[in-house]
Amino acid sequence: MEKEKLIEEINRLKEERNAIIMAHNYQLPEIQDIADFLGDSLELARKAVNIDADVIVFAGVDFMAETAKILNPEKTVLLPTPRATCAMANMLTIKHIIEAKKKYPDAPVVLYVNSSAEAKAYADVTVTSANAAKIVGKLDSDVVIFGPDKNLAHYVAKVTGKKVIPVPPNGHCYVHRKFTLEDVERARKLYPNAKLMVHPECEPEVQEQADIIVSTGGMIKRACEHDEWVVFTEREMVCRLQKLYPSKKFYPAREDATCIGMKAITLNHIYESLRDMKYRVEVPAEIAEKARKAIERMLEMS
């Protein structure tokens, strides 16, 4: 089916099913273009609270679709393909959390939303890269257990001055781990007038070279501050920024900074998922109830 016809059919099915499409900033441009809501993890979580639709098609990775389902237990949530997974979320196990709690029984468990629903059920609060430092700073504890991203944990510790225990010790995003000091040096040489916007999932040594350290939502908000930027996150963010700020220049720090899970979703997947109402996201009620408390606490605190 041709692209124009595919989009036409998706829109027809959306109306027929009373569906909306939520998409993350890392999605392919053609999916960003058809999304009803587009944003980072925090923005999408906020949007998911009061959705006026019967069906949510989530163009993101699995943990994001799970979060939408947890916040909307009565609605149908579709993940267009089961291949849209997050490797980092799968690095954190329940065993990691239980072992950390044995060592630090009084420390609250703070989990990045990039985690499974089962893990979130053990959390005191969830966070996103946009609000992690703010929320940890508000907690009445000088020690927190934080997972699964060790680099975001480093950033939070630096901003808050608190002791942040990463679980697992080497949890990371393989896309952001690609960025190195060599990329920083190359960016400075190629684009001497540009500033560097760096995602806090990047390695600490790369964060230290940043002009600003921000989530993808923060990148959108702060891009107005300068005319040229080198973007240290998933490459599709450059497309999003360029559309929002056509008069400014944005350069990907690496052309190969690609999230396989995010790119697993195509227009055809969205069409087939809506047509057949397949790949429904389900979260067991007991897990969802516990995880919902941690997510709702995040939304209240941010």
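Placement of Cβ uses the backbone N, Cα and C atoms for every residue, glycine included.
The feature iminosuccinate binding site is assigned by Swiss-Prot to His24, Ser41, Tyr112, Val113, Asn114, Ser129, His199, Pro200, Glu201, Thr216. DSSP assigns His199 (iminosuccinate binding site) to coil in the three-state reduction, placing it in neither a helix nor a strand. Counting Cβ atoms from all protein chains shown, His199 (iminosuccinate binding site) has 28 others lying within 10 Å of its own Cβ.
In sequence order, Val61, Asp62, Phe63, Asn114, Gly261 make up the list of same-chain residues 6 or more apart from Cys86 ([4Fe-4S] cluster binding site) whose Cβ falls under 8 Å from its Cβ. DSSP gives Cys86 ([4Fe-4S] cluster binding site) a coil state; it is part of no helix or strand. The [4Fe-4S] cluster binding site annotation in Swiss-Prot covers Cys86, Cys173, Cys259, and the record cites sequence analysis as its basis.
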Reported as an integer number of Å, what is the Cα distance between His199 (iminosuccinate binding site) and Cys173 ([4Fe-4S] cluster binding site)?
11
Work through the binding-site residues one by one (His24, Tyr112, Glu201) and name whichever has its CA nearest to the CA of Cys173 ([4Fe-4S] cluster binding site).
Glu201
Would you mind checking how many other C-beta atoms are within 10 angstroms of the C-beta on Glu201 (iminosuccinate binding site)?
26
10 Å Cβ neighbour count around Cys259 ([4Fe-4S] cluster binding site)?
22
Return one of helix, strand or coil for Tyr112 (iminosuccinate binding site), based on DSSP.
strand
Neighbour count, 10 Å Cβ-Cβ cut-off, for Tyr112 (iminosuccinate binding site): what number do you get?
28
